[in-house]
Structure formats: structure tokens, C-alpha cells
Amino acid sequence: MSAQAQMRAMLDQLMGTSRDGDTTRQRIKFSDDRVCKSHLLNCCPHDVLSGTRMDLGECLKVHDLALRADYEIASKEQDFFFELDAMDHLQSFIADCDRRTEVSKKRLAETQEEISAEVAAKAERVHELNEEIGKLLAKVEQLGAEGNVEESQKVMDEVEKARAKKREAEEVYRNSMPASSFQQQKLRVCEVCSAYLGLHDNDRRLADHFGGKLHLGFIEIREKLEELKRVVAEKQEKRNQERLKRREEREREEREKLRRSRSHSKNPKRSRSREHRRHRSRSMSRERKRRTRSKSREKRHRHRSRSSSRSRSRSHQRSRHSSRDRSRERSKRRSSKERFRDQDLASRDRDRSSRDRSPRDRDRKDKKRSYESANGRSEDRRSSEEREAGEI
């Protein structure tokens, strides 16, 4: 794989399928059945054991780091229960490994039938010491790589003690067996990875086995399987509790409904009176609301009528005042006209009297004065009538 491809894979693992903003780049979703659920949980045996002596090859399902990143983001908001599928996958794989281990043990047991139980126990002791030394040496290498020199020195002291115990156990085992059978009985099966181990292998070889990728890969798979079992058991327990809680709630509701129906059937009068009281209270509340609405409407109507009557009275008063003013103006004009007319007539009469002093003229003047006085009275009567009409 080139450096560019490695960088692209790292970006997919960190940011998911839509790292470039293109959502159509990846048509398959992580929830698809074609996607390996063990790969999404980072525990697929095809990935863990790749490059070892038990390499399983390429997985039949889809493996994509971007899909794993999408699943990690989505699993924070929703539980997809992919742990169950991964647990089934790992269980089948570990069961196959345990089956191979049992077969290898049976093959070794067929060649070791003549060995007594005491000799077998001594051989078991030698093998246990070999495993202990190998694990301690692998730990020493790990501590040295981390730079923890003091801890690695302490572990090396334990390794030396285990080596001394191993030499003693080998001496006891060698003395308890004949020389011919001692050379034949030198193999043992590893309980973790089902690989063959020699009873007389040196420490370096044992350390390489226990610190190797195959053995550590099987340890990782077995630990992941135990973790998945625990997680699945917790989730199933939680789901069972929720289901039981919902069932109890349904049963409680059903009991409550049954109790209510029984109480209604036992006391129909009480239920009727209850219904009657409810209906009555509802009707009373409706009546109160209706009254309040009608009162508010009446208040609004009164207010409007008062305002309209006030406006009408004001307009009527204004019209009355205006009519009075107009009538007064008219009367003033008429009185001034009559005054001028009387003065004019008086001046004319004086002139005529001075000119005509005959009795005939006097009679005519008297008739004329009587006629003009009658006309003045009629005009006064008309002005008074017009004044009254204006006031009305």
C-alpha cells in the first residue's frame, strides 16, 4: 500500500465516508447485511490474525474503515445491537479453535499412553514453568520498549527464579522417565492458540511464542468475546426490565379499568348522580359564561348609546344656537330697515304737509298712515312667527 493510500485510509477511519463532503461516494451503509459487524467493532478474526501462521484470508463481508467511523458516530445517539452479531461470530471462531485444541490433545494422548500419572504431572509442571518464563520475557521486552528500566529489571529477576525452578523440574522429570521415552514426549498444546509447544524449548523460543502476534491475537479475541458477552447480557437485562415494566403498567391499567367498571356496575345510582352533578356543574359554568358575555355586551351597548345620545344632543344644541343667532340677525336687519323706512316716511310726510295743507290731503295722509301701521303690525307678526319657527 502506497503512502497516499495509507493517508486516505486514515482519513476514512477518522472522518467517515463523507469526509470530502460527498454523501454519494459510499452507496452502502454500515447497517447493511453485507457489512461485517465484527469489523465495525474492531474484533474481526480476519483482521486480528492477518499475517500470522493461521491467517484466515480476506473476509467474505465488507470491511471499510470509513463505515466503522460512521458507526462510531451514529452509535452515540442510537443503539444498533451489533454486539450480538459480533458475539456469535467470535463464539463460532473460538469454538472451532477449542475443537482443534482438543483434537491435538487426543493425538498427543495416544502417543503418551504408557506414561504414568505421576510423570504426566511432572511434565505439566515443566510446561507451566515454560509458559511463565515466556510471558515474563515478553513483559520485559514491552517494559524495555517503554523505557521503564527498573520494572524490567525486577521482572528479569523473576525470570531467573523461574528458570531455576524449571531446571529443577526438568531434572525431576528426566529422572522419572526412561531415556527412550524421554525423547518422544516433548510436545504440548497451547490452550490459547492451539499451537504445539516443546517441553524442552529454550526461553527465547517460548518468549517469541507468547509475545508473538498469533498468541496475542487469540488473547485479544477471547478478551473481546468476554467483553461482548458482558455487554450483551447487560443490554438484554435492561431490555427485559423495560419489557417487564411495560407489562406491569399494562396490567395495572387493566386492573384499574376493571375496578372502575365493577364500581360502575355495583353503584349505578352513584354513577348516575355523579354524571348528573358533572352535567349540572358544566351547565352552570356555561350559564355563568353566557351571563358574563351578555353583561359585557349590554355595557358596551349602553356606552355606545350614551355616547351617541351625547353627540346628538350636542349637535341639536349647536343647531339651536345657530338658528337663534340667525333669527336674531334677521330681526336686527328688519328692525333697522323699518327704522330707516319710518324715518324716510316721516320726512316725506313733513315735506308733503308743508306743501299741501288742504283737508283732502290730510285725509289721504291719515289713510296712508293707517295703512302703513297695519302693514308694520303684519310684518311684526311675521317676524315673531319666523323667530318661533327658528327656535323650534
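Placement of Cβ uses the backbone N, Cα and C atoms for every residue, glycine included.
Annotation comment: Swiss-Prot describes Ser18 as phosphoserine. The annotation coiled coil is assigned in Swiss-Prot to 102-177 on the grounds of sequence analysis. Annotation source Swiss-Prot lists compositional bias 'Basic and acidic residues' at 235-257, 337-364, 377-392. The region 'Disordered' annotation in Swiss-Prot covers 235-392. Feature annotation from Swiss-Prot assigns compositional bias 'Basic residues' to 258-321. What Swiss-Prot lists as 5-hydroxylysine is Lys266, Lys269.
Within the same chain, residues 79, 81, 83 sit at least 6 positions outside the compositional bias 'Basic and acidic residues' (235-257) and bring their C-beta atoms closer than 8 Å to a C-beta of that stretch. DSSP assignment over the compositional bias 'Basic and acidic residues' (235-257) gives 23 helix, 0 strand, 0 coil.
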